[in-house]
């Protein structure tokens, strides 16, 4: 039987597995699928986590949900550190407590070049499973709390622009269509 990888080794593993995954772009309907629970941490899940981390770092981004790479399982990778060496893996995450409200500027790898303000909880407590298969709880505030909530929205089929007014959503959609036409030309 293969031993689960310790949480700290995931970032090391990413240095050797170099699979960059395709990130879905808003308004792709697959971004609205609700992710399912991960029943167990298998070799395939470890490989997916490694590939997601590599994709996130290469993009570059600070968080990525499996939904964004068209895998509809409850998996998130995050690294908000300045040194980009503190990978956090959350499998089957759930927010069990939250407090405060803060409006922050957000962007998304699935909505490239678009940034806007969203109000979220200032602090959250999350329960999740790590890549080692062990359950844990953690408190998060600031950018980490925002990132966790943003990525968990993806697992529920929601993209951050859906918090914005219909007018802003329409303008964003127009801008993204223009970007897509420029890339084709």
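Count begins at 1; order follows the chain as displayed.
Using N, Cα and C of the backbone, Cβ positions are placed for all residues, glycine too.
Record features (Swiss-Prot):
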BINDING   108, 150, 154  Fe cation binding site
ACT_SITE  151  active site
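Reduced to three states, the DSSP call for residue 108 (Fe cation binding site) is strand. All protein chains considered, the CB of residue 154 (Fe cation binding site) has 25 other CB atoms within 10 Å.
In the three-state DSSP classification, residue 150 (Fe cation binding site) falls within a helix.
Excluding the listed site residues 108, 150, 154, the same chain places 63, 65, 68, 106, 109, 110, 151, 153, 159, 160 with Cβ atoms within 8 Å of the centre of the Fe cation site Cβ atoms. Candidate binding-site residues: 108, 150. Fewest other C-beta atoms within 10 angstroms, 150. Counting every protein chain shown, the number of other Cβ atoms lying within 10 Å of the Cβ of the residue listed as 'active site' is 23. For the pair residue 108 (Fe cation binding site) and residue 151 (active site), the Cα-Cα distance reads 9 Å.
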